[in-house]
Amino acid sequence: MQRLTIRDFLKKKGKEKITMLTVYDYSMAKILSETEVDGFLVGDSLGMNVLGFPSTLQVTMDHMIHHTRAVVRASPRQLIVVDMPFMSYEPSNEVAVKNAGILASEGADAVKLEGGVEVYERVANIVKFGVPVMGHIGLTPQRYLTLGGYRTVKDEAKLISDALALEEAGAFSIVIENVYAEIAKKITEKVSIPTICIGAGPHCDGQVLVIHDLLGMGDIQPYFSRKYLDLKAEIREAVKRYINDVKTGTFPGRENYKSRES
């Protein structure tokens, strides 16, 4: 099965909605690789959803490398984009290029950076050295402290300026997070590269959701997500039945073990 490419994403602009899911591990990526979803984002949100950190700020390159390897091994078809974690690109162009190259060598088809005008040089240098970049504007979780928390971003002029700067720097796509739908629509119309929304309305070229939110596995259900399954409840019920079967002696059943008499 042929993996989707950057060119495939670009061709979908304004024609076919792009679907992406944030995924972190081999077993989940293996299941999802058998669907028609277009791309996987190995997100630094693994800090909260997998590692139990309070935010994305504690996530390191080692964490991202580990989870990138797992997802890559499971995914023959989907385009794989990997978040560059906090302080893996901010210090200098050289640091940014080096770390982007490491993620690419582990199988990432592209990397994602948070920020707009302020990361122009980082994006341009990473692209120049051969690693595709997806931008990320609006609510940028790595900068939530300076934003005063996880708030809807309303500065239309800055958002448009950020999007245009990312496109000029060579980004092939832009994630727009937690922005008014009308602003996301304007950005989508102004740039020639695909926009991917999360909490920014229906007018982008595509959507991305965290698989934990889609399956109802998280502690908090974000307003912008849709829970397609209450997997947390189903897991609890399955474990409850297992415990009951063990205590009542109905597990293991005769079909679950071997004996000399069989």
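Cβ coordinates are placed from backbone N, Cα and C, and glycine is handled just like the others.
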TODO: Name the residue, out of Asp8, Asp25, Asp83, that Swiss-Prot lists for the same 3-methyl-2-oxobutanoate site as Asp44, Ser45, Lys112, please.
DONE: Asp83
TODO: Counting Cβ neighbours within 10 Å across all chains shown, tell me which of the recorded positions Asp83, Glu177 comes out on top.
DONE: Asp83
Task: Inter-residue Cα distance where the pair is Ser45 (3-methyl-2-oxobutanoate binding site) and Glu114 (Mg(2+) binding site), in Å - done: 13
TODO: List the Cα distance (Å, whole number) between Glu177 (active site, proton acceptor) and Lys112 (3-methyl-2-oxobutanoate binding site).
DONE: 13
- [ ] Using all protein chains in view, find how many other C-beta atoms are within 10 Å of the C-beta of Asp44 (3-methyl-2-oxobutanoate binding site).
- [x] 29
